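Trainee: Supplied in structure tokens, the structure appears directly below.
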Amino acid sequence: MKFVDEAVIRVEAGDGGSGCVSFRREKYVPDGGPDGGDGGDGGSVFLQADENFNTLIEFRFERFHMAERGENGRGRDCTGHSGKDLILKVPVGTRAVDHDTEEVLGDLTTHGQKLLVAKGGFHGLGNTRFKSSTNRAPRQKTLGTPGEVRSLKLELLLLADVGLLGMPNAGKSTFIRAVSRATPKVADYPFTTLVPNLGVVNPRPGQSFVIADIPGLIEGAADGAGLGIRFLKHLERCRILLHIIDIEPIDGTDPVESARAIVGELEKYSPKLASKPRWLVFNKTDLLLEEELQQKVDRIVKEMGWEGDVYTISAYNRDGTNELALKLLDYIASLPPEDNEIDPDSEVEFKWDNYHQANLDSVNEDYVDEDDDDDFDDDDYDVEVIYQR
């Protein structure tokens, strides 16, 4: 299936049902009191993470999603049915962003997690709600409020512990093939990898981590060169980055300049991402003699001013790859667990209890009627509809 990691959709929550103006009519009770019921609440729209999905391709072809409207109230104090909520299944790792305001609504990082993205409208009130000692025959009702309408941008961010970055043809895909059972395409030309790939690494029995391989970066990627930086977002949730450097580029480019270009593009894209733990990994060491290799590694590290961890591997021959995988496993195990608790401040607030209270108070204060409700004639009055904004 085609990998799609971005989609823009429109979600519409259901409108609330309107209240009803009705009066009790039974045998021997020709002029009963009010019995108009409330409307039903409109259905809301939720996103739910599902581990059985791994792409957003369905949302490319189906962009409009609407929840059910609440039913109107009816006589005999019958409340209208609430609209059915609409639940949209998305892959684990999906981020929801308001397309108009760029506000991040939330991240779905665990299977079954739900996120409210459009709140259903509140139900209207029937005339029974306006009954009081001074208003025996109320002809007021309120309409249901409109449901929330939102344009959403869905972004799929891969969930991985380790992220690979580097120039095209640095050997990232070869490395992920060497340490996992992933089989990304490998060839001797740039940009062989066109979409991100995931691999599960098992250095020890019962212990594993996930590694992500993204298409290579080149200088100017932040300005759209090559495949741009659209795939860098997949590294945002990684806990450590491996900067793969081709120790002996076939095109004769300077590894130092290439490494600096990658770091520069990373900082342009996101200083937060650039500040993540990062290890230097020199690949294709089988192309150099041992003494020459060490001299070249020392020179590159010195010119870069690098003070972090440095490793040398040959992904093609799988020299040093298992040792590096073990180091990564131990490092990830030493990190504190990630905090995925939902921020309560990010949840949608809705004032259910006092939403219509202002209308009820104003009607009861302004409306004074000393007559009993058994002595009125329906035809002498008009129904008053109270509109809510």
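Going from the start of the chain as shown, residues are counted 1 onward.
Every residue, even glycine, has its Cβ placed from backbone N, Cα and C.
Source: prediction; values computed, not measured.
Pulled these from Swiss-Prot:
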type: BINDING; residues: 166-173, 191-195, 213-216, 283-286, 314-316; note: GTP binding site
type: BINDING; residues: SER173, THR193; note: Mg(2+) binding site
type: DOMAIN; residues: 1-159; note: domain 'Obg'
type: DOMAIN; residues: 160-333; note: domain 'OBG-type G'
Trainee: Just to be sure I understand: of VAL195, PRO215, LYS284, SER314, which binding-site residues have a C-alpha no more than 10 angstroms from the C-alpha of SER173 (Mg(2+) binding site)?
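Mentor: So the list is PRO215.
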Trainee: Most Cβ neighbours within 10 Å: which of the binding-site residues ASN169, SER173, SER314 is it?
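Mentor: The most densely surrounded of these binding-site residues is SER173.
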Trainee: Restricting attention to the domain 'OBG-type G' (160-333), give the mean pLDDT.
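Mentor: Mean pLDDT across the domain 'OBG-type G' (160-333) comes out at 82.
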Trainee: For the binding-site residues LYS172, LYS284, which one has its C-beta crowded by the most other C-beta atoms within 10 angstroms?
Mentor: LYS172
Trainee: Looking only at Cβ atoms, how many others are within 10 Å of the one on VAL195 (GTP binding site)?
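Mentor: If we count other Cβ atoms within 10 Å of VAL195 (GTP binding site), we arrive at 17.
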Trainee: What's the number of neighbouring CB atoms sitting within 10 A of the CB on GLY166 (GTP binding site)?
Mentor: 24
Trainee: With every protein chain in view, how many other Cβ atoms are within 10 Å of the Cβ of PRO215 (GTP binding site)?
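Mentor: Total other Cβ atoms inside 10 Å, all chains included: 24.
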Trainee: Please report the three-state DSSP label of LYS284 (GTP binding site).
Mentor: coil
